[in-house]
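First the structure, in the form of structure tokens, and then the observations on it.
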Amino acid sequence: MPIHEIRHPLVRHKIGLMREGDISTKKFRELTAELGRLLAYEACKDFELETVTLQGWAGPVEVDQIKGKKVTVVPILRAGLGMLDGVLDMIPSAKVSVVGIARNEETLQPAPYFEKFVGHLGERMALIIDPMLATGGSLVATCDMLKRKGCGQIRALVLVAAPEGIALMAERHPDVEIFTASVDSHLNEQGYIIPGLGDAGDKIFGTKLG
Ligand SMILES: O=P(O)(O)OC[C@H]1O[C@H](OP(=O)(O)OP(=O)(O)O)[C@H](O)[C@@H]1O
Ligand SMILES: O=c1cc[nH]c(=O)[nH]1
Ligand SMILES: [Mg+2]
């Protein structure tokens, strides 16, 4: 399963800024959207082009256009919503499918609670978005759902990935390519990524207690 850790300086800089312990909700949210944009840019870089002829200002001109690519972006609620606007800035014609999964904080198992997929998933590439790939349970469950609906082309965009989650995806969904701003060190006993970002959902929505 290919894992693409994007080493572009803008990505390295922005993911670094997100690690500041007392970062504001506003800043965390802005950086999440910006990195969503940059990861989407990378995830589309092998899309096929075709040449079409337009009437330009000085006569006919041949230009490149993306060849009939149908995409559905799949945010995993809640935290995945933080990346959605940035990804749609890059792929404005994409349809959006939504999956709700809550990770049980004791067992770390994913508990799906919502799904609403667009049609014709067999013809679309799914771009799953979620800031955090920790144990991998939530991403594996989302890929399971998409494949049950007939989706055969899946990519995942995550801000930070733990080796444990990458390994689970390699075992369960080796065909799914993952694009990330950082492969981090490990998970702590509570299943949080170290050094990581903390609880991304709480930071995006401002629900952190205390
Ligand atoms: O790889 P995993 O071990 O499954 O953990 C990662 C998941 O946990 C977080 O969501 P959470 O369940 O906390 O929900 P939230 O987005 O509503 O905060 C995160 O956004 C991922 O979806
Ligand atoms: O480090 C982690 C792990 C799961 N979910 C998060 O938001 N952060
Ligand atoms: Mg959370």
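Just so it is clear, glycine is given a Cβ too, placed from its N, Cα and C backbone atoms.
Copied over from TrEMBL, here are the features:
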DOMAIN    7-207  domain 'Phosphoribosyltransferase'
BINDING   ARG78, ARG103, ASP130, PRO131, MET132, LEU133, ALA134, THR135, GLY136, GLY137, SER138, ASP199  5-phospho-alpha-D-ribose 1-diphosphate binding site
BINDING   ILE193, GLY198, ASP199, ALA200  uracil binding site
Alpha-carbon distance [GLY136 (5-phospho-alpha-D-ribose 1-diphosphate binding site); ALA200 (uracil binding site)] in Å: 15
Cβ atoms near GLY136 (5-phospho-alpha-D-ribose 1-diphosphate binding site) (within 10 Å, other residues, all chains): 24
Site extent for 5-phospho-alpha-D-ribose 1-diphosphate, whole Å (max Cα pair distance, ARG78, ARG103, ASP130, PRO131, MET132, LEU133, ALA134, THR135, GLY136, GLY137, SER138, ASP199): 17
Three-class DSSP secondary structure - ALA200 (uracil binding site): helix
Cβ neighbours of MET132 (5-phospho-alpha-D-ribose 1-diphosphate binding site) where a neighbour is any other Cβ within 10 Å: 25
Distance from ASP199 (uracil binding site) back to ASP130 (5-phospho-alpha-D-ribose 1-diphosphate binding site), taken between C-alpha atoms, in Å: 12
For ASP199 (uracil binding site): intrachain residues, at least 6 apart, with Cβ closer than 8 Å: TYR192, LYS208
Candidates near ligand 2 among the binding-site residues ARG78, ASP130, GLY136, SER138, ALA200, judged by a Cβ under 6 angstroms: ALA200
